[in-house]
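Straight from Swiss-Prot, the features:
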type	residues	note
ACT_SITE	54	active site
ACT_SITE	71	active site
ACT_SITE	122	active site
């Protein structure tokens, strides 16, 4: 089941990302509207009419001219296309950041897995990343107090029994983080935990 758009918007607001948050979008995300403002969004790999499949987060830092793509499984571009039929190159091309004078931007993409293979918590991990971006826009992927709470593993080991305890611990840290920082999460904790559990996809 995973996270609904309503849940993600409420949690992101609680986390203080409101001034920069453009919203939740399906795969037709129009990109960033201003090349001069900090901005972020949560984007689904599928069309809204499907009910959604997998959440990712995009963020734009105009000072460093860096676009961040946080995808909790750390899939390669090829794997994203293979598994979700999702490509982000056209998204970046049609974004306002591509119209900056020198059109030279840096793309920084997550490459490690922080989410378990059967977990449905992708949207919640995106919220966690956006909290890091809102507070440490120069280093949102790591080396900050929020993302330091979780540990990435090589994507090639995503399904390995060896790393499942680490990935499960990441999800427990995620829930604890949201318990501390989001009143909405606290009020709906049981429901959200059930819909995003570590073994949710295996049990479907």
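Cβ atoms are placed via backbone N, Cα and C, with glycine included.
Mapped onto this structure are the features recorded in Swiss-Prot.
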residue: 54; record: active site; DSSP (3 states): coil
residue: 71; record: active site; DSSP (3 states): coil
residue: 122; record: active site; DSSP (3 states): helix
Rounded Cα-Cα span from residue 71 (active site) to residue 122 (active site), Å: 8
Spatial separation of residue 71 (active site) from residue 54 (active site) - C-alpha basis, Å: 9
Among 54, 71, 122, which are active-site residues, the residue with the most C-beta atoms within 10 angstroms of its C-beta: 71
